[in-house]
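Undergrad: This is the structure I have questions about; it appears just below.
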Amino acid sequence: MSLLGRDYSSELNSLDDGSKLLSESSSSTTSENVHPAEEAGLSMLQTLIHLLKSNIGTGLLGLPLAIKNAGLLVGPVSMLAIGVLTVHCMVILLNCAHHLSQKLQKTFVNYGEATMYSLESCPNTWLKTHSVWGRYTVSFLLIITQLGFCSVYFMFMADNLQQMVEEAHVTSNTCQPRKNLVLTPILDIRFYMVTILPFLVLLVFIQNLKVLSVFSTLANITTLGSMALIFEYIIQGIPYPRDLPLMANWKTFLLFFGTAIFTFEGVGMVLPLKNQMKYPQQFSFVLYLGMSLVISLYICLGTLGYMKFGSDTQASITLNLPNCWLYQSVKLMYSIGIFFTYALQFHVPAEIIIPFAISQVSENWTLFVDLSVRTGLVCLTCVSAILIPRLDLVISLVGSVSSSALALIIPPLLEIITFYSEDMSCVTIAKDIMISILGLLGCIFGTYQALYDLTKPINPSVANSTGVYA
């Protein structure tokens, strides 16, 4: 078993002429692939590691600015509310998938299949007829979301590499509060992206679960180390926040919403992780434990970071750290963590696209097409990163557009469609409708605000959220 690799032959046999043009992600293996999960699956600890790593990415470093965009009081409360709603929607998704898999006597039902099968069972004739588009929609959103994450990762790693290399001559051994630097880049940021590209291509070729688990553990260790250094600095001498607004204006709050949703990056991993567990019935405990840790980390880092730096809070907290070798190591460790997380986020779009691609060729070409598609997708994220002018706004845009749909809009509607014929209470229906409306409003207005800010003239000194160049 593997998160990134599997036996494609059995899945390809299950593709019918119209309803499975897009194959499911690695979670959607057939019964002979999924079990013997009892014999060779993820342990609770391994699952927790994957869950944590898939939710702790670049968005975490932008949380102090997100809290600034919402306000010192409204920000943490809203972050907690969004976190609770997101976890609740994850549980809804798990329940719907479990219900449909039992109803249809299938070993496993993934996100796209759950949407399609729910629409097939609803009383509306038009929805039944077009149920396959539910699957296509989810697959498309998953591809956009996960490739968006990967593009952000690309820019983050390249930008941090550029800083570490080109700030080396002004980096000191004494850790004093950072002063604004005005440096002329020696090499274009695109050079650093191209430098990283071949290493990421080799990384996504890995199709062994044990190797991936080791990399994921290494990513958690480096991320934990960098977080420890960040917290060690921000908790020192926090000024009294009497001058910080408790509530920001509504325009910046919309950017907060997109960033907050973006940080919960693991919605696409929930069903695959449960499917890969040795004992899937233990996943609920892992989910609640892991997401409780994630939400607590988000709130603490965002709030303390904003209280520490106040109105000077930058789009990435690394910009506010002292320009000394100790805190430069934060960028290095976090970049290493993001490097290995790239493979975890990459596997969802890859495993949707690759099965369809290799179904179009003979068996002799399967490996070549597999590796070619993986390489092409990594290059696509690289090109996208080159075209992105503002990392902080792109994080908000990706969160508002696709993450909100997958995390907040679709799961409640899926629950209504799946369980409506089984005497759902009016309270549950009203709750689901309210969550979906909230997600839709956040999607519309958050997308508008991010696009509006992206169309403004770019100040070179803030072109990238972690950049210090002018």
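Cβ atoms are placed via backbone N, Cα and C, with glycine included.
Unlike curated entries, TrEMBL annotations are predicted automatically.
The annotation region 'Disordered' is assigned in TrEMBL to 1-36. What TrEMBL records for 20-32 is compositional bias 'Low complexity'. The domain 'Amino acid transporter transmembrane' annotation in TrEMBL covers 42-450. The transmembrane segment feature in TrEMBL is assigned to 70-96, 136-156, 189-206, 218-240, 252-273, 285-305, 365-388, 394-421, 433-451.
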Undergrad: Counting only pairs at least 6 apart in sequence, do the transmembrane segment (252-273) and the transmembrane segment (365-388) share 3+ Cβ pairs under 8 Å?
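TA: Contact between the transmembrane segment (365-388) and the transmembrane segment (252-273): absent, because fewer than 3 Cβ pairs are under 8 Å.
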Undergrad: Look at every Cβ pair spanning the transmembrane segment (285-305) and the transmembrane segment (70-96), keep those 6 or more apart in sequence, and say whether at least 3 of them are under 8 Å.
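TA: Since 3 or more Cβ pairs under 8 Å link them, the transmembrane segment (285-305) and the transmembrane segment (70-96) do come into contact.
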Undergrad: For the transmembrane segment (136-156), find every same-chain residue at least 6 residues outside the stretch whose CB is under 8 Å from a CB in it, and list them.
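TA: Those are 21-22, 25, 57-59, 111-112, 115, 189, 193, 196, 200, 265, 268, 335, 338-339, 341-342, 345-346, 348-349, 352-353, 377-378, 380-382, 384-385, 388, 391, 394-395, 398, 401-403, 405-406, 410, 464, 466, in sequence order.
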Undergrad: Between the transmembrane segment (365-388) and the stretches 70-96, 189-206, 394-421, work out which stretch tops the count of Cβ pairs under 8 Å.
TA: 189-206
